[in-house]
Amino acid sequence: MAASALDSAWEGLTGSFTEFQLATVVTFLLHETVFFLSGLPSLLFERFGLFAKYKIQKKSNTPSYQNRCVLRLILYHVCVNLPVMVLSYPAFKFMGLRSSLPLPHWTVIVSQVLFYFVLEDFIFYWGHRALHTKWLYKHVHSVHHEYATPFGLTSEYAHPAEILFLGFATIVGPALTGPHLFTLWLWMVLRVLETVEAHSGYHFPWSPSNFLPLYGGSDFHDYHHRVLYTKSGNYASTFVYMDWLFGTDKDYRNAKAIEEKDGKHL
């Protein structure tokens, strides 16, 4: 029954918009809705001092600094993200993107999304490490690190060149598999929620990293923002095993060991 209801809803959606509109404008609006609704809470928590005991860093951004981030994000999203969605549609269509019924079986959806997460994490890790080389950091990646004390919305605050560079890691999986638009939307939503959580600046008892062994999360990524760029490590986007395999989490692990020994948070 749930499947038939979803099919009916999808049929109504595809009957109201063209596939081009769904893959571009509607995708953009879905991204903006999920991104800002999931990212605003940590901004408000920081601004009004809520859940202070769960805040990873004691420092906070000023309201004007937060507002600056939001305004630039809107500019970047409209001037970079939306045009990229429009221009990449023919390529996705060529690679097999479809929006028609039937919707893919749940096993196909799950397997594809898991593949996207693993592939994105691998590509992002190496791309992110490259961005921490001296020249690229100075001219590109330093924009993202303007917020040494991150909050959810800073997850997508970056130089336009970085948006395109690391954005490749997000779209290469779907481009390879030619997914159904429904799967693409689910992947986008989950990826947005993941990166917003990783940049939230808060580590709660219910944070995903407390339950998912290989998941990095907010504490893992917050360390990356608060130390010198040449020593930050923790380059992967979602999981921890890439940093563990290549030894780029050693400083973080040492810091956590000292923190646990002293019984206090860094």
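The backbone N, Cα and C atoms fix where each Cβ goes, and this holds for glycine too.
Summarising the annotation, Swiss-Prot assigns domain 'Fatty acid hydroxylase' to 113-248. Each residue of the domain 'Fatty acid hydroxylase' (113-248) gets a DSSP state, and the totals for helix, strand and coil are 90 helix, 4 strand, 42 coil.
Here Swiss-Prot flags 25-45 (among others) as transmembrane segment.
Residues or ranges marked as transmembrane segment in Swiss-Prot: 74-94 (among others).
Residues annotated as transmembrane segment in Swiss-Prot, with sequence analysis given as evidence: 106-126 (among others). Long-range neighbours of the transmembrane segment (106-126) within the same chain, counting only residues 6 or more positions beyond its ends whose Cβ lies under 8 Å from a Cβ of the stretch, are 166, 168-170, 172-174, 176-177, 179-180, 182-183, 186-187, 190-191, 235-239, 242-243, 246.
According to Swiss-Prot, the feature transmembrane segment maps to 163-183 (among others), an assignment based on sequence analysis.
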